[in-house]
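So TrEMBL says this about it:
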type	residues	note
TRANSMEM	20-43	transmembrane segment
DOMAIN	218-334	domain 'PARG helical'
DOMAIN	341-542	domain 'PARG catalytic Macro'
ACT_SITE	ASP372	active site
BINDING	ASN375, GLN389, TYR430	substrate binding site
ACT_SITE	GLU390	active site
ACT_SITE	GLU391	active site
Amino acid sequence: MDADRSPSPEPPEAPDGSALVLVSVALFLFLFFCPFALLRAAANMTQFCGMMKMRLSVWRIKYTQRSCSFLRSFHRSFAAAAAAGDDGKGCGPGVSLSDLRRAPACSGPLPALKPTDSHTVLIRTDLLRPGKAPEPHPSPDQLQDRWDDTHVKLPCSEHNLFPTDRTTVQSQWDLINKALRVLFRSSHDVKDAILKYNMGQAKGWNFTALDSYYKGLQGSEAQHMFGELLSAMAQLALRAPRLLTQPIPLLRTQRCRSITLSQEQVSCLLANAFFCTFPQRNSHQTEFSNYPDINFSRLFEGSSQTKQEKLKTLLCYFRRVTQQRPTGLITYTRQCLQRLPSWSSSEKQFGKLHISCEGSIEDQGYGMLQVDFANRFVGGGVTGSGLVQEEIRFLINPELIVARLFTEALNDNECLIITGAEQFSRYSGYSDSFRWEGDHDDQTPRDEWQRRCTEIVAIDALHYSQFLEQFRPENMSRELNKAFCGFVRPGVQPENLSAVATGNWGCGAFGGDKRLKAVLQMMAAAEAERDLMYFTFGDADLVKDVLHIHKLISDTHATVGSVFRLLLQYYECVCKKTTRSRPQKTLYSFLSELL
């Protein structure tokens, strides 16, 4: 019987200690990662619904900062991890550069070039041919001349007169002609020639920088400059009556207007600026007091190394255009907006962003709308002592300088757009370290109007003496309006708009906060329906911070209006209550908590 009986089961062994540890670890990991999984699933659902254009503001629980700080920290951690990239080694650049539009690939067809009431064209459009220097319009034998408060007062005008005594006047142009036809052997000859038709400036102007430049030249360099270059520049200046055959309108405030000139006409105007021939532009007490300087007299002053480098850069340009006639066109447009966005109610979504701490607007931003961090007097100190972003751009693209001749100071709702300016020089450094590095061969393609596909917009930021001033609602609105004015192109389809290449606009000497300016420019670009390429000029921390904020904004499908309201909230809740010069809670930490 015992043999037929089934063996009774043995009692189960009690689990040993290692098994208990494994079970405990598994349970702990499940409980620890469950909130992450739930949060990730919720984020994915939000993204899915956003793509379907559904508003899921309901699922975003209206929790308070104190009661839900735990969940907020998880949300920020996930966003930061995603921004850092899969390898976790640091911030990615945002979208690929290939995802951003550039001209001419994205550009739509241009209308036929012809003059209108708001667009002055100074060349024969019927004779415009690639590779051929455009002909002025009208022909020189039909020269038109105006001497009034709405046009440039040209040195070759028959109305440009000066008194020789109480009863007699003489043509200023005849005097300029005689003075510039002499043989230049030294910087003193240049000085003597210029002062012959600027006799009232003999005691006020000095030519120390020009003298220093001359003394620093080697034998062959001095021989070329005074034996060939300066004489060729003088002859170019004296061709004004044959090249500038119709009046050039002033781009006056609160008027939308364009001027299209040939590169050769621009070179003639700049040669006249070098020799300081423009009348009534040497004093701020004249009718041109609201215009920038155009004569180069301030460039010749002082003994700093930066003035020597400026002269090298500009003389490189003059050498090029006197050796070979340039063949393209350039358009200068003053854009004025009378209707501006209602920022707090904007429903526009943010566009794509590529951000980098390396590269430059003029190089990596080719084919994009390139931002000039401008002074309201365009060009800033290019003909004086200034040598930061705007001045450098005007030096390497000297055709920008001629805008100073006819562009009145910019108002808050205005910008200046320059299309077709060519880069002639390479450089290194910034400010006191700026150095001319030689010729630049600009290979940028041309559009149907024979302009280089380089579009530069001058927008001037406000100057802040105190950090907190820039967060005031009226100041943020002003900067948004200014950037939007520069970025928007009324009547152009979004698919034909290139990305905006910009950076730390209005920071540095103007006292702007880099992180605020980045957000404001992202908002303005979104409102103008353009993507953004942002250069931080070596600031790697800024790359990470801006990319993190942009990802938060994109992932939560925040609109321009909702971000603007958060900026207003930051001012009310943080800036107004701080007793320090800078708030303890930064803008980005505030936005990260509320997005």
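Here the Cβ of each residue, glycine as well, is placed from N, Cα and C on the backbone.
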Based on the record's binding annotation for substrate (ASN375, GLN389, TYR430), what whole-number value in Å is the widest Cα to Cα distance?
17
May I ask for the distance between GLN389 (substrate binding site) and ASP372 (active site), taken between their Cα atoms and rounded to an integer number of Å?
7
Any idea what the Cα distance is from TYR430 (substrate binding site) over to GLU391 (active site), rounded to a whole Å?
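Between the Cα atoms of TYR430 (substrate binding site) and GLU391 (active site), the distance comes to 10 Å.
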Round to the nearest Å and give the CA-to-CA distance linking GLU390 (active site) with ASN375 (substrate binding site).
8
Can you check which residues sit near ASP372 (active site), meaning Cβ under 8 Å from its Cβ, same chain, 6 or more apart in sequence, and list them in order?
VAL378, GLN389, GLU390, ARG393, LEU400, ILE456, VAL457, ALA458, ILE459
Limited to the domain 'PARG catalytic Macro' (341-542), I'd like the whole-number average of pLDDT.
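Reported value for the domain 'PARG catalytic Macro' (341-542) is a mean pLDDT of 97.
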Just how many other Cβ atoms lie inside 10 Å of the Cβ on GLN389 (substrate binding site)?
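Taking every protein chain into account, the count is 23.
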Pop the Cα-Cα gap between GLU391 (active site) and ASN375 (substrate binding site) into the table, whole Å please.
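Cα to Cα, ASN375 (substrate binding site) and GLU391 (active site) are separated by 10 Å.
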As a quick check of your reading of DSSP, tell me how many residues in the domain 'PARG helical' (218-334) are helical, how many are strand and how many are coil.
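Summed over the domain 'PARG helical' (218-334), the classes give 60 helix, 14 strand, 43 coil.
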